[in-house]
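This report refers to the structure that appears directly beneath it.
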Amino acid sequence: MADYDKLAGLVERDQDHDCTGYGPDQVCVRVAGVAELPTRLGRFRIVAFWNNRDAKEHIAMVHGDVVGASEVHTRLHSECLTGDVMASLRCDCRDQLLEGLRKIQEAERGILLYLRQEGRGIGLINKVRAYALQDHGMDTVDANLALGFRDDERDYAVAAHMLLSLGVQSVKLITNNPEKMKQLELYGVKVAGRIPHVIPPHEHNSFYLQTKAKRSGHYIDPSGFTHLSEQSDPVMVEGMTEGTTAPATPEAGPDGKRKTG
Ligand SMILES: Nc1nc2c(ncn2[C@@H]2O[C@H](COP(=O)(O)OP(=O)(O)OP(=O)(O)O)[C@@H](O)[C@H]2O)c(=O)[nH]1
Ligand SMILES: [Zn+2]
């Protein structure tokens, strides 16, 4: 069966889907609609998901045959209205979104999940309040804490269920964020490797990116290099044995560093 039909067939398959759910909120999703979506970055299919917890409409942008596939290039993108839509320079979200879609088009197959987790899960109003605190000198972490939130309120249970609903066997995650890898594994998605996703900093977002590296443990070198010297250790996540850690990029060794010579 052509993959288009397999993907479209998931809507009917999921009509009555009702599992015990994933994560602390026991979130369950259903594939609710599938359509063609030509974009400036290439042809995708858009998959819309329903979930049992809130009215947030998460989507997947799908390229190539992903149902039943392994090592699918996958990006989890958290919504950022200011960056994605308004082209804000305070963060790297828009660049990461477009570069993520581009990387997926370059691969044989891939998926970008657009997750409606604005402001790392604190919502748009609170993100704007956090920006106001940052205008007076706080970094992103302290601003979240000052507002009574954790530094990151995101949970990737919904992302895990979406990937499993799409029939993905394993992913190569396009990210610098170790928490995404850890949580996907926890919820049963096999992470076969990591592809770094570093956007070179500029004057408006360099402090933001430094904070990600220093305080949130993201694999980012604020000077713009893709690989940190600290990354000489293989990227390990729970449940992954050493031998299963895939090279971070086709031209990188198993330690995620570019090969020399
Ligand atoms: N609370 C808060 N959220 C922010 C801020 N700047 C960007 N965000 C949100 O952060 C999310 C993007 O997360 P990032 O930490 O940039 O990246 P990531 O997705 O965790 O990690 P990568 O996969 O490596 O890109 C989006 O939901 C943005 O709206 C901020 O100053 N405060
Ligand atoms: Zn952003």
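Placement of Cβ uses the backbone N, Cα and C atoms for every residue, glycine included.
Under the heading active site, proton acceptor, TrEMBL lists Asp152. Here TrEMBL flags Arg154 as active site, nucleophile. What TrEMBL records for Arg75, Leu76, His77, Ser78, Glu79, Gln96, Glu118, Gly119, Arg120, Thr140, Thr175, Lys180 is GTP binding site. Annotated Zn(2+) binding site per TrEMBL: Cys80, Cys91, Cys93, in sequence order. Look at TrEMBL and you will find 240-253 tagged as compositional bias 'Low complexity'. Annotation comment: TrEMBL describes 32-196 as domain 'GTP cyclohydrolase II'. What TrEMBL records for 240-261 is region 'Disordered'.
Here the features listed in TrEMBL are painted onto the structure.
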{"residue": "Arg75", "record": "GTP binding site", "Cβ contacts under 8 Å, 6 or more apart": "Gly100, Leu101, Lys103, Ile104, Gly110, Ile111, Leu112, Leu113, Leu173, Ile174, Thr175, His197"}
{"residue": "His77", "record": "GTP binding site", "Cβ contacts under 8 Å, 6 or more apart": "Cys93, Gln96, Leu97, Gly100, Leu112, Leu113, Tyr114, Leu115"}
{"residue": "Glu79", "record": "GTP binding site", "Cβ contacts under 8 Å, 6 or more apart": "Tyr114, Leu115, Arg116, Gln117, Glu118"}
{"residue": "Cys80", "record": "Zn(2+) binding site", "Cβ contacts under 8 Å, 6 or more apart": "Ser88, Cys91, Cys93, Arg94, Glu118, Gly119"}
{"residue": "Arg120", "record": "GTP binding site", "Cβ contacts under 8 Å, 6 or more apart": "Ser78, Asn144, Asp151, Asp152, Glu153, Arg154"}
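His77 (GTP binding site) falls within a strand when secondary structure is assigned with DSSP.
Among the recorded positions Arg75, Cys80, Cys91, Arg120, Asp152, Arg154, residues whose Cβ is positioned under 6 Å from ligand 1 are identified as Cys80, Cys91, Arg120. Of the chain residues outside the Zn(2+) site list Cys80, Cys91, Cys93, Thr82, Gly83, Asp84, Ser88, Arg90, Asp92, Arg94, Gln96 have their Cβ within 8 Å of the site's Cβ mean position. Within 10 Å of the C-beta atom of Thr175 (GTP binding site) sit 23 other C-beta atoms, taking all shown protein chains into account.
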